[in-house]
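**Student:** Input: one structure, supplied below.
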């Protein structure tokens, strides 16, 4: 009941002048207009992303889709183990089919189109964040929640990337909107909406099994607060879950060629055997002290204030639940908790709405409603502070930091189109660049393998190379034919320069990559060597 009073008070205390101002707002005049503006922003956002973040964006989605449509592309060890579903890559396979039909499968469109497609999904997520905020807290909070979502640096940097986490976030936002338990008054909401929420939850879990962490919390709330528990379990949750799981299994049966239960395999590898720890671990508190804190960034104090002021403990509890359970796992990544970032930003919107109302009432009491007094208000200062901290961060991370590995594949794809590339060897840590989905030419390529080893203590190719680049390169060049092109980071190029020259390679291009190191030595540039004898 406390939540209901809080939500109603947020609207009832809004001054008549503010309501008139809101009704005249062009931006928020209709949901269709909001969606169109969000879509336009996300399209620009997608075109501005020119950096490399995480291998899964390319290797677990686009590379698989490319193989489905064009018949060539590398499948990583996860697909051989059956711990990935084809459901998400099929969306981009359909996009590739459309590009082929329109004769637009050129290097430019093959690289840009997937993120443009994701921008459509992202705009849907933005719209439903607005709608969800509105039904919980009212129009005034909703507009500030949407501002927070669009202005946050990490949403700009990550939301339009083709991760399964990005689509999971969209489905989570839409699903939460249709879930009655999280609303102020679920009795006024038609029961059909819960079934739709369940379907979206099941779809999110099918795309990314760890989404079950989010929906387990929501389901437990439903069991606690709903009166029709048996109906919810046996007539809604079970049938919807079985239907989505069955259809997903049929798709995977078709693509794998045998029956594969992906959620079970995923659970075994990541939870029961801690297989994800092979790729690095963090301290249990990492999400609280570093990961999620960096994602929320300067919105953090506003989000905390919004949680306290709104007193919507069910929704804020979801954030704590997700961060807490993910903290139990050793392997941690920023994108794993992306689905609850918009929820934190929604609370930031609540805080900004309260601040704006307080500023308005304060100026009204002082009898000063001129433009200067508005600009000097706390709200305007907060907006300026958030924009001046988030926009440079978003642009730097999207346009500058770690762009060399994307640039080199853009360059090689154009060279391959002009038949100047015969084969490529990547002498760098595994999955450092996009692959066939970016090159879009069926040429021999080799990268250094880093698949998990069953025997402990045995180094994979990637680790062996990083331990002694000269010895490893000498070994593989003796045992096979030389490639026409070699790609490597500048830090290793210094060590291999003389060896490459002895094999008649010469440097032909160098691309800037990063100003500072991330998890290894500084990889300031990406260098391309070509075999001069060809």
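Just so you know, glycine gets a Cβ as well, placed from its N, Cα and C.
Small disclaimer: the values here were computed from a predicted structure and weren't measured.
Pulled the feature table from TrEMBL, pasting it below:
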- 34-53: transmembrane segment (TRANSMEM)
- 86-104: transmembrane segment (TRANSMEM)
- 153-178: transmembrane segment (TRANSMEM)
- 198-218: transmembrane segment (TRANSMEM)
- 230-247: transmembrane segment (TRANSMEM)
- 284-308: transmembrane segment (TRANSMEM)
- 315-330: transmembrane segment (TRANSMEM)
- 336-355: transmembrane segment (TRANSMEM)
- 381-399: transmembrane segment (TRANSMEM)
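Help me understand the surroundings of these features in the structure.
**Tutor:** Within the chain carrying the transmembrane segment (34-53), a Cβ under 8 angstroms from the stretch's Cβ atoms is held by residues 27-28, 112, 115-116, 118-120, 122-124, 126-127, 130, 146, 150, 156-161, 395, 397-407, 432-434, all 6 or more beyond its ends.
Same-chain neighbours of the transmembrane segment (86-104): 60-62, 64-66, 68-70, 110, 113-114, 117, 162, 164, 167, 206-208, 248, 251-252, 255-256, counting only residues six or more beyond its ends whose CB sits under 8 Å from a CB of the stretch.
Distant neighbours of the transmembrane segment (153-178): 42, 45-46, 49, 53-54, 56-58, 60-62, 88, 91-92, 114-115, 117-119, 121-122, 124-125, 128-129, 131-132, 135, 193-194, 196-197, 200-201, 203-204, 207-208, 211, 214-215, 218, 294-297, 334-336, 338-343, 345, 389-391, 393-394, 397-398; these residues of the same chain sit at least 6 beyond its ends, with a Cβ under 8 Å from one of its Cβ atoms.
Packing against the transmembrane segment (198-218) from elsewhere in the chain are residues 85, 87-88, 164-165, 167-168, 171-172, 174-176, 178-179, 181-182, 236-237, 240-241, 243-245, 248, 262-263, 266-267, 270, 317-318, 321-322, 325-326, 336, 339-340: each is 6 or more residues past its ends and has a CB under 8 Å from a CB in it.
Counting residues 6+ beyond its ends, the transmembrane segment (284-308) has Cβ neighbours under 8 Å at 148, 152-154, 316, 323, 326-328, 332-334, 337-338, 341, 344-352, 354, 382, 385-386, 389-390, 393 in the same chain.
Cβ atoms under 8 Å from those of the transmembrane segment (315-330) belong to residues 136, 182, 210, 213-214, 217-218, 270-271, 274, 276-277, 281-282, 284-288, 292, 307, 336-337, 339-340, 343-344, 346-347 of the same chain, restricted to positions at least 6 beyond its ends.
Nonlocal intrachain contacts for the transmembrane segment (336-355), taken as residues 6+ away from its ends with a CB within less than 8 angstroms of a stretch CB, comprise 10, 125, 129, 132-133, 136-137, 140-149, 152, 154-155, 158-159, 163, 165-166, 168-169, 172-173, 176, 210-211, 214, 287, 291-292, 295-296, 299, 302-307, 309-310, 312, 315-316, 318-319, 322-323, 326, 378-379, 382-383.
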